[in-house]
Structures are given as C-alpha cells and as structure tokens.
Amino acid sequence: TGSKLQWSTAISMMVFAWLFAAFWSVMPLLGWGEYDYEPLRTCCTLDYSKGDRNYITFLFALSIFNFMIPGFIMLTAYQSIHQKFKKSGHYKFNTGLPLKTLVICWGPYCLLCFYAAVENVMFISPKYRMIPAVIAKTVPTVDAFVYALGNENYRGGIWQFLTGQKIEKAEVDNKTK
C-alpha cells in the first residue's frame, strides 16, 4: 500500500507470532502430540514413531496451521508483490524464492511426518531419518541468503562492503519486459 507500518501494528503482530509459536510448542507438553529425541539424539522433535490418533490429529492441525496456511499467505502476498513489480517494471526481488525455499526445506520433514501417520518409519535408518530435520533447520540461514542475495539493493551493498566498489545499475528498458 505504500503506507508505513505503525508501531502498534508491529507489536501486535510480534505478540501474535510469539503466542502462536508458544501454543504449538506447549501442546506436546500438555499431551497433544509428543516430543522425543531425534534419531541421532542431538535434540528433540515430534515423536513420529507411534503414529497413533493423538499424533495424527496433532500432525494434521500442525501442518494446516503452520505449513499450509502460511504457505498460502506467502503465495498470495508474493503474487501481489510480483504483480506490482510487473506493472512498475522494476524487478527488485525474485518473488517465487521464499515459497520455494519453504517447500524445499520443510517438504522432506513434512513428508516423513505424514508417512509416519500411515506407516511405521522405524525401518528407515536413523541417519536417513535425521536428514529431513537437518534440512528443515537450515531454513533461517537459507532465508537470509535468499533475501540478501535476491534483493538488488542488498546485493549491491554486500558487494560494496566486500570490495569497496559500487555496482552500476544497468538501465532496463521497460518496453522489453
């Protein structure tokens, strides 16, 4: 919209995000879902070894509210941003990358959890069951690189910081796009 975000709105959004995360984190401690050690016992994750009704209901609610709805919001928001970029002719960011990184990084973990809802996953080696969790944990780092390297303003700033040289912006003819 071009309007600045108000502090009260930003604080409300931050409080909502923290309460939302706290709710889903505490539910397994209160009995809906369950935590267990990851296969290599380095940290904890959802206990997908049981696959009982408690796990299945928690998994489906968790995936709808923490994967599908945020994914849909990201898709519609970035499509709107893409349309605005398309009208202005200024492409400053690849609007498809954030959703792709969400799906690529969290997709294997979601598939493993959904597979555990219908079949026993204990026949899979613990080392292989650990791979989706490790990939999912890379999301904050991947998102930082996607944002920093995908945005021409930040990319130019990074280049200038590393080399001391400014990148000359190429003039793009709006008629060719």
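Including glycine, each Cβ sits where the backbone N, Cα and C put it.
TrEMBL annotations:
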type	residues	note
DOMAIN	1-147	domain 'G-protein coupled receptors family 1 profile'
TRANSMEM	7-27	transmembrane segment
TRANSMEM	55-78	transmembrane segment
TRANSMEM	99-118	transmembrane segment
Other parts of the chain folded back onto the transmembrane segment (99-118), taken as Cβ under 8 Å at six or more residues beyond its ends:
46, 48-49, 51, 55-56, 59-60, 63, 67, 70-71, 74-75, 78, 129, 131-133, 135-136, 138-139, 142-143, 146
Who are the chain neighbours of the transmembrane segment (7-27) in space, where the CB to CB distance is under 8 Å and they lie at least 6 residues beyond its ends?
33, 58, 62, 65-66
Segment confidence, the domain 'G-protein coupled receptors family 1 profile' (1-147), expressed as mean pLDDT
85
Residues in the domain 'G-protein coupled receptors family 1 profile' (1-147) per DSSP class, helix first, strand next, coil last, are 103 helix, 6 strand, 38 coil
